[in-house]
Every structure is written in C-alpha cells, then in structure tokens.
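Visitor: Okay, here's the structure, questions in a sec.
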Amino acid sequence: MDHITFLVAVVIVTALAFDFTNGFHDTANAMATSIATGALKPRTAVLVSGMLNIAGAFLSTEVARTISGGIVDDTLVSPAMIFAGLVGAILWNLVTWLAGLPSSSSHALFGGLIGAVWVGAGADGVHFEKVVEKVLIPAVASPVVAGVAALIATYLAYKLTERARKETVTKGFRIGQIASASLVSLAHGTNDAQKTMGVITLTLISAGALGHEAGPPVWVIASAGLAIGLGTYLGGWRIIRTMGKGLTEIQSPQGFAAETASTTVILTSAHLGFALSTTQVASGSILGAGLGRRLAEVRWGVAGRMVAAWLITLPAAALVGGLAASVVKHGGNAGTAVIALVALALATVIVLASRRNPVHANNVNDDQAVTLRTAAPTHVGTAA
Amino acid sequence: MHLDWTALGQVTAVSIGVTVAVVCVFALGVLGLARTDDSREHPDGARALGLTQAALCFLACAAVVAYGIYLIVPQFH
C-alpha cells in the first residue's frame, strides 16, 4: 500500500464524508412523504432507507468509469482537484441542509469539480457544452416530467376513490407507499453510492495503487455503502420536514403518486442514459402531487427558495471548490491540510448552528418550516 | 451540442404513462377493498367481487414493482 500517499488518503476520507452528506441529504427523497403521511414511523423509515442504500451499493456493479461523465477533462484531473471539488460539495450540502433545502448532491459534486478543475487546469478543462447537455437540460426537464406525472396520477387517484370510505383509502395507499418509497431508496443506493466508489477508484488508479481497468476493491464498495447508509439512517430531518410538510400537505394517495412518479422517472432515465438529480425529481413529484389534489395548498414561497437553491448549487459549490483548489495548488500538502482543517471547522460551525433549533425523528412532523432560531430573531447567521 | 429529443420524449411519455397506470390500478384495488368493507353488513356477491378486484389490481402493481427491481439490479440482466 505504499502508493497511498497523504493526499490520496485525504481524498478517500473526504470522498466518504461526501458520501455521508449525500446519504443524509437524500433520505428525504425516498422517505419524506412516507414519514409525513404516517405510512412509516420516522425511525423505521430511515432504517429501511439506510439498509436499502447499502444493499443498492453492493448491487451496483457498473461503477462510473469517469468521475464527471465528461463534464470536465478527466485526463487533467489530479487527486488534489478531486479533493478540492469534494470539499466544495460537502460544504454546500451542509449549508443547504442547515437551511432545510433539498438541493442536488450530484450538482454539488459536479460544481465542486468544475470549480477545482477551472482553477487547477484552466477553463479549457471544463466542457461547458457537456454541462448544458448533462446537467442543465435534465435539471429542467426531470422535475417537470415527474411533476406532471404525479399531478395527473394524483388527480385520477382522488377522482377514482372519491366515493369510497376514507379510512380504507388512506390505509390502502399508506401500505402502497411502503413499497414505492423502498423502490426509490434502492434506486438511490445503486446510483449514488457508485458515484463515490467511482471517485475513490479513479483516485486509486491515478495514484498507481490499482490497475487501469480495475473495478472497485471490496473495501471501497463496503465503505462507500456504509457511509451512504449511515448518512441515510441519521436522516436529514431538516430536509425531510421541508419535503414532507413544507412544500404542501401530503396525504397518502399523493405520497404514493409522488413516489411512483419519482421511481418511474429515475428508472426510465437511467435506462436511457440520462443523468439526473434524485432530489429534483422527488421535489417535482411532490409539487405535482400537491397540485393534483383539489384545494391542496402548495407553498410557493418554499418552492421558490428550493428552486433558487437548485440554481446556485452548482456555481456555489464551484466557487468553494475553486477556492480550495487554489490553496491546494499553491500550498501542496500543507495547503491540503489547511483546507481539510478549515472545512472541518466550517462543518462543525454548521452542525452547532443546527443545534439551536434541531429537527429530529420526534419533531419532524410538528412544523412546516425549518428555522435557525427559536426565540425572537436577533440576527440570521447563515450565508444561505 | 447534441440533444437527444427522442430519448427525452420517451422518458416523458413512459414516465407519465407508467405512473398514471400504476396509480390508477392501485386506486382501483383500494376501491375493491373499500367495497369489501362496505358490504360487510350484507354479505353477498359484492364482497367476493370487491376482493377479486382488489387482488387482481394489487397483483398487477406487484408485477410492476418486480419489473422495477429487475431494472434496478444489474445482476438480473
């Protein structure tokens, strides 16, 4: 293992940390509506989701061959840039989590990498037309498709069952939700855990620790699966509250329609080779389900803030990634250590800030809004 | 830049079609269950009919879920 330098070790740890934030950021995609409608108890939901994410990680053999899918020139990417990009992605994931905003972990990762490559290797290393094709178009199209599907399905579900007994309908769809939410989790595990595996494997290859065509070693699969599963289990309760309660009041037929729409959009896209963000698909489905039930209220203010977060995710992560890359580029190993420490400090500050008004399994359904303060506001201490 | 409009259209059509179909069939199944509950007081053919409807609909949904799992798990391909 003498190929594992200090930098490579740091990259692996950072990649696993990103995987962890990815997990707790995205629990909401699969489980928010099930938790909101009472189909699953909060702790059961995150446990099921975490297990399925780990299972998904072991099931996916097709690990990403490129880190970015062609968005940046992979031949120019060094472990230092990967590290800087991951730091950008992690910090952005934490900031949006603090604000309770569902934003795309994939976009954060892409953004961080774009920023790091731009600074580390010049603007030529970034393929902007690929960014449009692989990130922007799916980002616009997929939530709309999922939303329309969920809207029509919700409308018809209520139309079909309007004369039936309400308790039977609610109970029936609740049971259906358990299956639909589990499928979203499994699909998520196979997609997202392999992103981290790809990053670690490619770093090991570039460091010479693995052969060129090597697949991920078992310890990489296991640690990536565990990191995302643990993150999912700890649950991003702040985001679950926003998606389950904040966007609209969800009832079980809507939850079932939303989860079915998410699953089908994710699976058909993956089948046809479209990269998309699970987060945006799930949010689109929930909005569609909200509109599909007559008189259901959609809180456009929350939806607007969420879309704003989507728009700035990539540039914001790119900025942090670029900043980190410039320090690492000029500072070498010392620079890497400084960035790692600064990132750790910022992460601690964010976690401490979240403690001021924590959201957890026991109070996730009590309120619609995720705020930072409990008493009268003195100042708002977040950049988001 | 090359944009595959056909694939995008396919994703749209298949997603909307499958979602609406699954949710409607499931709703019909729930309707069958509700009918069974309603006819508990006067047990006649309606109860059996409702139960059959529910069973068939949930079976169809289970088949779609099984196909979904098949698509997710690469070892099955």
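Glycine residues also receive a Cβ, built from the backbone N, Cα and C atoms like all the rest.
These figures come from a predicted structure and were not determined experimentally.
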Visitor: Identify the transmembrane segment range according to TrEMBL, selecting from A:105-123, A:257-275.
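Guide: It is A:105-123 that TrEMBL describes as transmembrane segment.
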Visitor: Taking pairs 6 or more apart in sequence, does the count of Cβ pairs under 8 Å between the transmembrane segment (A:105-123) and the transmembrane segment (A:334-353) hit 3 or more?
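Guide: Contact between the transmembrane segment (A:334-353) and the transmembrane segment (A:105-123): absent, because fewer than 3 Cβ pairs are under 8 Å.
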Visitor: Is it the case that the transmembrane segment (A:307-328) and the transmembrane segment (A:334-353) have 3 or more CB pairs under 8 Å, with pairs at least 6 apart in sequence?
Guide: yes
Visitor: So which of A:76-99, A:135-158, A:218-240 has the most C-beta pairs under 8 Å when paired with the transmembrane segment (A:334-353)?
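Guide: Ranking A:76-99, A:135-158, A:218-240 by Cβ pairs under 8 Å to the transmembrane segment (A:334-353) puts A:76-99 first.
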